[in-house]
Amino acid sequence: MSTHVDRKRITIPQIRSMKGKGSIVSLTAYTTPMAQMMDEFVDLIIVGDSTGMVAYGFNSTMSVTLDMMINHGAAVTRGVSKACVIVDMPFGSFQESPQQAYRNAARVLVETQAQGVKMEGGAELLETVDFLVRRGIPVMPHIGLTPQHANVQGGFKAQIRTEEEINAFIKLGRAFEEAGAFALLVEGAFEEAARKVTAAVTIPTVGIGASPECDGQVLVTEDILGLFSGYTPKFAKRYVDLSQPIKEAFSRYAHEVRSGEFPAMEHCFGVRKNSDGG
């Protein structure tokens with residue numbers, strides 16, 4: 001069994017200071033083993049509400065609960081000794097009021113030991129971000145394509161196309177910076193919009209389906225590992241196809257159990273070895 005080693009983790013101020021100094025490397029994680037494996041390679045781990053679709057088979061993120069996010073967030077921080085960890089606030093846990101958002105975000109930080117929260121939305125969140133930051137809770141607003149607003153946005157479609165929309169997007173990014181956000185997650189925005197908002201703010205932008213000009217990139221880990229055999233989003237890159245070796249392992253295990261090959265005596269307790277080592 002592995003044990004967590006408490007070392008110096010990357011801090012929120014350090015993430016903020018990485019603006020313009022090389023790309024911030026970020027991935028999603030929902031479990032301790034995955035967090036342990038990626039920890040040495042990434043700067044920022046996002047415990048995303050995408051877990052609803054990745055781990056639970058939901059059609060969207062709307063069914064994810066605060067308790068689910070806390071459980072996954074705590075699992076991830078137990079596996080991390082270097083990376084900064086941010087936890088998504090799920091739909092319905094922060095939209096009602098700044099006070100509701102504070103209560104739930106404070107619970108997330110206390111119970112998970114994560115370093116900040118991520119919230120999806122637009123100008124309606126400005127007051128909430130200011131309220132939380134003033135009370136010691138680091139916030140990363142998630143702008144552009146926001147999956148929690150898929151019903152309003154008409155599905156998972158790229159956003160911010162026109163000049164008017166781009167100008168409003170830049171204004172929104174600056175407003176979040178003024179409200180105290182430490183970084184912005186920019187998803188599914190047209191490249192020009194993502195590039196221009198990155199240039200317009202002094203806090204880092206982390207892109208997913210956005211622009212190479214963002215200050216960092218994040219992808220869903222299961223997408224880069226090829227764990228979904230049927231679909232890879234346009235903005236994702238599959239670095240390995242693990243679905244096939246995993247299926248092969250399942251196949252070999254099933255065959256050995258059915259054939260009686262597994263377990264062998266070497267896998268059993270209380271069995272003495274023969275004098276010849278057999």
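Cβ from N, Cα, C; glycine included.
The Mg(2+) binding site annotation in Swiss-Prot covers Asp49, Asp88, Glu120.
The 3-methyl-2-oxobutanoate binding site annotation in Swiss-Prot covers Asp49, Ser50, Asp88, Lys118, and the record cites sequence analysis as its basis. Packing around Ser50 (3-methyl-2-oxobutanoate binding site) is summarised by its Cβ count: 21 other Cβ atoms lie within 10 angstroms of its Cβ, all protein chains included.
Residues or ranges marked as active site, proton acceptor by Swiss-Prot on the basis of sequence analysis: Glu187.
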Please classify the secondary structure at Asp88 (Mg(2+) binding site) using three-state DSSP. strand
